[in-house]
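Quick look at what Swiss-Prot annotates:
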- Arg71: site 'Transition state stabilizer' (SITE)
- His116, Asp123, His184: Zn(2+) binding site (BINDING)
- Glu181: active site, proton donor/acceptor (ACT_SITE)
Amino acid sequence: MENGFLFLDEMLHGVRWDAKYATWDNFTGKPVDGYEVNRIIGTKAVALALREAQIHAAALGYGLLLWDGYRPKSAVDCFLRWAAQPEDNLTKEKYYPNIERAELITKGYVASQSSHSRGSTIDLTLYHLDTGELVSMGSNFDFMDERSHHTAKGIGNAEAQNRRCLRKIMESSGFQSYRFEWWHYKLIDEPYPDTYFNFAVS
């Protein structure tokens with residue numbers, strides 16, 4: 001692991017995680033290149049900011065559940081290769097039912113570079129501290145559809161309010177949202193703004 005990075009659970013006591021790209025449960029339908037263990041890595045700076053977000057969330061009765069953090073460049077390349085393959089319908093219904101696989105790049109859901117590779121971007125949601133249940137957000141992680149946009153129409157008032165709650169928690173902790181994905185937040189003062197790393201999550 002590069003200097004300045006760590007497993008986020010080492011600093012964020014009580015955080016939950018489910019590193020989707022290390023599993024078969026993601027839009028490619030298999031573990032993604034570069035993810036060798038089901039843990040999440042980030043910069044020390046993002047860990048400190050997330051610790052602040054944890055405090056804000058806990059005051060409202062919520063905990064943080066992380067889906068992705070640092071993403072190796074090899075994983076981004078794996079996504080691009082997958083997006084260029086003919087449709088096999090293995091994951092389409094769950095992740096991108098309303099657009100074609102070939103459109104995922106042009107619509108901004110799959111990119112040739114990812115801020116995740118700089119180590120200070122996080123994909124996450126909230127869960128209820130008292131029950132452990134995930135907070136309803138109106139769409140699932142990596143659902144590549146307008147329902148996942150911050151300005152989505154067709155989600156309930158409660159789900160829209162929950163998204164605003166997550167956004168307020170994260171923005172008050174130094175993060176910037178991404179309009180196409182309610183779960184995606186980038187640390188504004190990231191320590192490596194021009195470096196795209198490629199060490200494995202191991």
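Cβ from N, Cα, C; glycine included.
Long-range Cβ proximity for Glu181 (active site, proton donor/acceptor), meaning a same-chain Cβ under 8 A and a gap of 6 or more residues, is found for Asp123, Ser148, His149. Distance between Cα atoms for His184 (Zn(2+) binding site) and Arg71 (site 'Transition state stabilizer'): 13 Å, as a whole number.
Within the same chain, residues at least six positions away from Arg71 (site 'Transition state stabilizer') with a Cβ under 8 Å of its Cβ are Tyr21, Gly34, Ser114, His116, Ser117, Thr121. According to its DSSP assignment, Asp123 (Zn(2+) binding site) is in a strand. In sequence order, Trp67, Asp68, Gly69, Arg71, Ser114, Ser115, Thr121, Ile122, Tyr178, Glu181, Trp183, Tyr185, Lys186 are the same-chain residues whose CB sits within 8 A of the CB centroid of His116, Asp123, His184, the residues recorded for Zn(2+) being left out. Counting every protein chain shown, the number of other Cβ atoms lying within 10 Å of the Cβ of Asp123 (Zn(2+) binding site) is 23. Following the DSSP three-state reduction, the secondary structure of Glu181 (active site, proton donor/acceptor) is strand.
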